[in-house]
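J.: So TrEMBL has the following annotated:
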BINDING   60, 143, 147  divalent metal cation binding site
């Protein structure tokens with residue numbers, strides 16, 4: 001995984017957002033690595049939360065990142081797991097979220113400063129609008145951060161008390 005981009009270049013909006021994508025990939029990898037060391041049954045143990053298990057929360061993060069990448073690229077969104085279901089295993093979810101997070105990083109690295117500024121169209125069953133790619137990208141990564149915090153809380157509810165630290169400061173200060 002790439003070193004913090006902000007340490008390598010002048011800090012710009014583009015380099016900062018790209019660094020957030022790299023951070024998102026690192027944080028998701030860190031949590032998946034941790035969860036892979038835990039009993040598989042805990043991944044599907046029901047919990048009182050907005051999503052009923054660790055697996056379902058991870059699946060939501062993956063599904064939402066897939067959706068937002070399509071918005072950012074202005075392509076047709078993939079079929080949502082929420083509406084069309086997901087029959088895969090916990091390992092499939094682990095692999096999917098990591099692959100998708102890498103795709104977000106690759107996409108961020110491909111954008112020029114002017115492409116970050118471009119307006120993109122957003123349409124969903126709940127809302128629609130036109131905003132800069134910057135705003136939608138930041139929203140997507142903020143959403144993933146929110147649910148990573150939820151994963152830690154769900155983990156505590158099923159007896160996992162050794163979650164790794166994935167705060168942004170731990171990412172950029174780790175080197």
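Cβ from N, Cα, C; glycine included.
Automatic prediction, not curation, is the source of TrEMBL annotations.
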J.: Let's check the environment of residue 147 (divalent metal cation binding site): how many other CB atoms sit within 10 Å of its CB?
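T.: Within a 10 Å radius of the Cβ of residue 147 (divalent metal cation binding site) lie 17 other Cβ atoms.
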J.: What is the total of other Cβ atoms whose distance to the Cβ of residue 60 (divalent metal cation binding site) is within 10 Å?
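T.: The answer is 21.
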J.: Around the divalent metal cation site formed by 60, 143, 147, list the extra residues of the same chain whose Cβ is within 8 Å of the site's Cβ centroid.
T.: 57, 61, 64, 144, 146, 150
J.: Under 8 Å Cβ-Cβ from residue 143 (divalent metal cation binding site), six or more apart in the same chain: what's there?
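T.: Listed in sequence order, they are 61, 64, 68.
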